[in-house]
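Some notes on the structure that comes next.
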């Protein structure tokens, strides 16, 4: 039974990888050309980045909304955050792992234009932690809680879309999206940190915590700390950019994959 469940998770992850590849090469070009004729006039490098961010936005909506559903309605996971029934969480994590692998492959193929060391660290840390969820079904509540951060991604990507379409920085849509991006990013990645770690600390010393074993404990805590350090760095850069938008200072520059020089379009 365990083997069949693991094979199912691998199948979901593989399907996710292939599905996001198809979205990148087929879905995004068709949808983007329908949304705005300016899409076809973008330079090749920007076309690649545009398609990448369209896929990122779709992934964020699917995974983020699924996370909220689990958080609100999956009683088993909320009652036992360490060893609760991980079925729905594993499905969501498998989708995300497939996406992360697709994104790393895309990054490797376009390193000269899309390369970002922070981005690679983020993905590797996430895959390392999620491997324990998929193989052992542990820590479902905490894995799901981390994925809620995906809800900030659409705003980050939209900021880049406005830049690619040459919207002026003072445009009301750019300003509104910039403020929304900063607020949502803070709410789902920074403001939740005390609540998250309070729940983590509450598990220390319990039988469920010791049952994890040293390897899972280290993977869990270390990956969370690394990801939150990256989130804090990105929050600083986004807040600085938001301040400049509101004050009209500077010109719109080249934003990285999370809204500024090293801002990433993901994902915990």
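For all residues, glycine too, the Cβ spot is worked out from N, Cα and C.
Some features that TrEMBL has for this protein:
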- 6-34: transmembrane segment (TRANSMEM)
- 45-247: domain 'TLC' (DOMAIN)
- 54-73: transmembrane segment (TRANSMEM)
- 93-111: transmembrane segment (TRANSMEM)
- 118-135: transmembrane segment (TRANSMEM)
- 174-197: transmembrane segment (TRANSMEM)
- 217-236: transmembrane segment (TRANSMEM)
Where, among 6-34, 54-73, 93-111, 118-135, 217-236, do we find the most CB pairs under 8 A to the transmembrane segment (174-197)? 217-236
Range from 54-73, 93-111, 217-236 with most C-beta pairs under 8 A to the transmembrane segment (6-34): 93-111
Remote residues contacting the transmembrane segment (54-73) - C-beta distance under 8 A, at least 6 residues beyond either end: 20, 23-24, 27-28, 31-32, 88-89, 91-92, 95-96, 99, 102-103, 144-145, 147-148, 150-154, 157-158, 265-267
